[in-house]
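First the structure, in the form of structure tokens, and then the observations on it.
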């Protein structure tokens, strides 16, 4: 998937939810965590993270609060809400089923039919 | 204190929350800076680091714009939920406040209940009478047309004139005519007189209402010579008399001894021209004499694009042409076109209802003023509380909202009690009023009226809540003053509970206003009530006590004139023989039995040149027994006797006339022996003059009246008038028995004491008195509550001052006098202002007053005295409490 706009709809949102599952983070930290987990393979523009954050906030899945960063700067810290946590569980289950099905199809022997 | 924590958090959020623009810019800039710094730390050159960071991030302008948009919609949703949460919180808080001061809540809720209950009831009346559209298709395109006499009175429509109108009009797309008629229905239950109406075939289509069963009349059935033995039934008659038989169209009904085929049943609630049970074909004919053969009226539906004004002009032109074509019958006669609503609600009635609406508006204003003054009194006590809230960061708008929530809640509570009161009043009003206003029978508390009540509650709550809320918000604004550095007002307020002097002034204005409104209402009620008493005491010229009446209609095809005379002769003879009967008579129209008859007259030898200029008298066909039965006395000459009855047909008529007519015809000479020329050209000789009687309306002077002898006139439709020695109603069964003995198919309709008809005739003024009486009581109660509230709170506020006075040795009696004087002084100002207002506006009542001047000084004086007494009584309690104050406690009370 070379073009980031082709990233499956909602996938980035799910990844962000997952990032926040371990505790509050600011936007830059989320980007670094995703990078560390190998997300550059997805070729996400780091900036597109922010619309995703605002979207999730609007839906009430994450909440933001202003706090101090490790560099003593005032930053917006995001954390999962209870709804967000529930949502993440649902998304994870859906992804597993989806990946499973796609995987079975792609790896099926040619003469199976 | 959880409230403190909440406000602290809100305050912090308010100060620290950046705008969406800053929030997004900050966040994106932070990210880019960190990214760039990290790249530089890995040894990338500064310019290269910036370019790489930019490449990995994407376009900050595009991304920022996207974030800002989502952020804004996020904030809007947040504000909405927050608003709802706050509203719920405000409502809970308001309920707590109201529970905390039950006496205040009770007084305020009752005050509002009176105002809102009265408004709801009156709106219900207005809705039923004025606002609800008639149950016809596009009712505002319907008009009713009468003829107009040379003296500009509405008059029934002659058949040939109607046919000419119908043929020539272009402004009406469709017209029809109708005529009320009674029909005697014979069924297993015995004979019964039905209210019927004759209608031309256009009648139902003009109104735009289709039958639920069968059909209505064809043009052939309403043409002269057509098959007219067909009938359309009302829903009620079909249900009650035929048990809703679905095969009713295969049946016949016997009306006046003749079989009619049932061809249709109208839907429930269809009722025109009024209480009709059966419609039969009306076949107007060109061959009748133009002046004599008359139907009730014409109805018409305006053609597309035509206005009522155009229709009026067109029919006037047609009437003028008819006058040229038929000068003997039509000279000076015109056509009167009116909206169909006028068939139900006269302009006078409309004025009456509008007067009521204004009155109830005033009452509601009074209730608002009273509750506002109560709230203001309480506001003083709550200034501290508001200051605390303001200190915790609640903005002025937030405080106003909190207080308005409280007042709207109060008003909703009042409205709920008011609607309950109204629900109790509606049946009373319906009972008292529907004789005067038929549409009132449709009055009920439905969603329209309840919707009005709800709207009135909310508006009322806002109106009376606004002044106290604004004042409290001002009191709470020291937080703002403190921020802008104008002084340590909050501090001072918290410590001392400073009172603001303008509260008292504003409350005085409200109370004076409330007393003034009460004066206005009481004066109006007093005038209407006094007028009613005069109306009840008016000399009707006849006595309705112990008189039984009932209507008999002889079917014309079975009773020729001679048989009509014989029938009523025999019947009166038989009735006279009954025990308990003192006198028996009959007349074609009972007093207030509905309808009237008119005839031109002139003293012989002094006739005006043109017959259309003859003055008009009412006429009645009566039997000799009529006069003693009603207590109308002979003034000159003699009553009818056998010689009049046996006079050969064609000989000159003999006449008994009323005093007024005699005086007008021959002002300077005895009337007996004189001769009159009647409007039909015949002459007649006066043999007797009887005392005047108000037969048409209680509140207008007796009309000049001509009494024809029934023995010569042979009128088939007559009312019996039977004077009893005791209770008239007890004769009912005997009367029915005697009629049945003569003709078992004849029903006697509307059998009732004559006093009932008289009482129905005064239903309209009685309704007005009832409603004004309710208003006056409510206004008086409101004024008393308002005065009491003001004075009691005033005393409570001046506790310290009174304490000082008492401590310095003031006599308690002087304290009492001071408080009393203050209350009465305010009341005097209110009474003077209200009295002046009433003096200026009472002229509007002139139309509904009877023999009463709108500026009747006695009424004004009495109202003033009553209100001052009430003011005094309302002051006594608080005054005595003030005098009993313990000076020491009073001084400490701050």
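Yeah, the Cβs are placed from backbone N, Cα and C, and that goes for glycine too.
Because TrEMBL annotations are produced automatically, they should be read as predictions rather than curated entries.
Per TrEMBL, the listed range annotated as transmembrane segment is B:104-126 (candidates: B:81-103, B:104-126, B:127-149). Looking up the ranges B:324-348, B:449-473, B:474-498, B:549-573 in TrEMBL, the one annotated as transmembrane segment turns out to be B:449-473.
Of the given residue ranges B:234-258, B:259-283, B:284-308, B:509-533, TrEMBL assigns the label transmembrane segment to B:509-533. Sequence-distant contacts of the transmembrane segment (B:857-876) (same chain, six or more residues past either end, CB-CB distance under 8 Å): 515, 518-519, 522-523, 526-527, 530, 780, 783-784, 787-788, 791, 819-820, 822-824, 826-828, 830-831, 835, 838-839.
Sorting each residue of the domain 'ABC3 transporter permease C-terminal' (B:774-887) by its DSSP state yields 98 helix, 0 strand, 16 coil.
Listed as Cβ neighbours of the transmembrane segment (B:767-791) (distance under 8 Å, sequence separation of 6 or more from its ends, same chain) are residues 107, 110-111, 114-115, 118, 122, 125, 352, 356, 359-360, 363, 366-367, 369-370, 373-374, 377, 425, 428-429, 432-433, 436-437, 507-508, 510-511, 514-515, 517-518, 521-522, 524-526, 528-529, 532, 819, 822-823, 826-827, 848, 866-867, 870-871, 873-875, 877-879. Same-chain neighbours of the transmembrane segment (B:823-845): 355, 508, 511-520, 523-524, 527-528, 787, 790-791, 854-855, 860, 863-864, 867-868, 870-872, 874-875, 879, counting only residues six or more beyond its ends whose CB sits under 8 Å from a CB of the stretch. Residues in the domain 'ABC3 transporter permease C-terminal' (B:358-474) partition by DSSP class (helix H, G, I; strand E, B; coil) as 105 helix, 0 strand, 12 coil.
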